[in-house]
Ligand SMILES: [Zn+2]
């Protein structure tokens with residue numbers, strides 16, 4: 001299970017991003033997770049809760065958006081979303097393809113939080 | 001003490017969670033390119049015969065090229081010991097509880113090696129078909145190995161790793177008949193997740209496919225050299 005390593009990387013990235021964007025208290029992390037990312041969502045959620053303890057992210061929610069596989073069909077010359085990750089065939093014409101456009105993402109795409117107003121006591 | 005108010009807002013980040021690993025992998029790839037090292041990342045389940053095959057490959061490849069290997073293992077040095085019998089430079093990466101290799105482990109383990117003295121570097125990943133898929137190690141190609149004893153539908157059970165691989169190798173092909181390996185079903189499963197992936201069938205016992213693999217590696221390295229003007 002590598003989700004624990006990934007949760008660590010996620011937290012590290014989020015803490016850095018929060019600092020850079022002036023967010024003092026992170027309330028939620030929004031993440032895109034491709035179905036081909038090789039990451040088990042439940043394991044990541046579990047790991048996240050463990051990893052944030054004692055960090056500036058403590059108490060934050062992890063919101064995961066699943067990204068389906070989008071392939072390029074060389075026959076139709078179109079990008080198409082697959083209902084299932086495999087078989088990797090064009091759902092319209094049945095052509096097999098290995099050209100994955102989306103579905104491997106493991107991306108932190110937004111943080112929700114607040115800047116404490118000026119004059120606070122830190 | 002003043003009351004603290006928070007005005008919530010959303011900030012777009014859009015960064016790969018494994019950004020740190022990917023940046024490091026990019027640096028490694030650049031270093032390999034500058035020093036002329038062609039890097040192959042091998043992934044498989046435990047028991048697919050990866051170490052045995054790599055030992056045989058290194059023995060043969062070592063006659064014409066300078067080859068080296070890094071081997072990832074949870075706890076023991078056994079695999080490294082076996083690989084050293086090939087005469088190649090070998091280093092072990094003990095990962096402890098970590099089920100995959102990451103770019104920083106590669107970087108640390110290479111310390112002290114003169115990369116100019118290496119033509120081919122093989123990275124034997126930890127026996128696992130799930131976790132290594134997420135980590136770029138700066139390799140030129142990723143090879144996924146399956147043995148005939150693992151069943152024909154194995155590729156569709158591990159679509160992520162297969163989809164990111166450049167070559168599939170079927171090991172223990174001499175046992176195909178004995179275990180009633182259904183070749184067509186296996187190829188079908190493989191093509192369901194990675195259409196058009198090249199496949200090699202090998203056996204360490206009979207030697208089948210190993211020289212073919214070497215020829216392929218030499219061609220790949222040469223093509224890489226032409227494309228980048230690096231070696
Ligand atoms: Zn199509």
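Each residue's number is its place along the chain shown, starting with 1.
The backbone N, Cα and C atoms fix where each Cβ goes, glycine too.
For A:2, the entry in TrEMBL reads Ni(2+) binding site. Look at TrEMBL and you will find A:73, A:76, A:90, A:93 tagged as Zn(2+) binding site.
In this structure, A:76, A:93 are the binding-site residues from A:2, A:76, A:93 whose C-beta falls under 6 Å of some atom of ligand 1. A separation of roughly 32 Å, to the nearest angstrom, links the Cα atoms of residue A:73 (Zn(2+) binding site) and residue A:2 (Ni(2+) binding site). What surrounds the Zn(2+) site, by Cβ distance within 8 Å of the Cβ centroid and not counting A:73, A:76, A:90, A:93, is the set A:74, A:75, A:78, A:80, A:91, A:92, A:94, A:95, A:97 from the same chain.
Those binding-site residues from the list A:73, A:76, A:90, A:93 that have a Cβ under 8 Å from chain B Cβ atoms: none. A Cα-Cα distance of 37 Å separates residue A:76 (Zn(2+) binding site) from residue A:2 (Ni(2+) binding site). Annotation note: residue A:73 (Zn(2+) binding site) sits in a strand segment as assigned by DSSP. Across the structure, residue A:93 (Zn(2+) binding site) and residue A:2 (Ni(2+) binding site) place their CA atoms 37 angstrom apart. The Cβ neighbour count for residue A:2 (Ni(2+) binding site), using a 10 Å radius and every protein chain shown, is 24. On its own chain, residue A:90 (Zn(2+) binding site) has A:71, A:73, A:75, A:76, A:80, A:97 as residues at least 6 apart in sequence with a Cβ closer than 8 Å to its own Cβ.
Here the binding-site residues are A:73, A:76, A:93, and the one ringed by the most other CB atoms within 10 angstroms is A:73.
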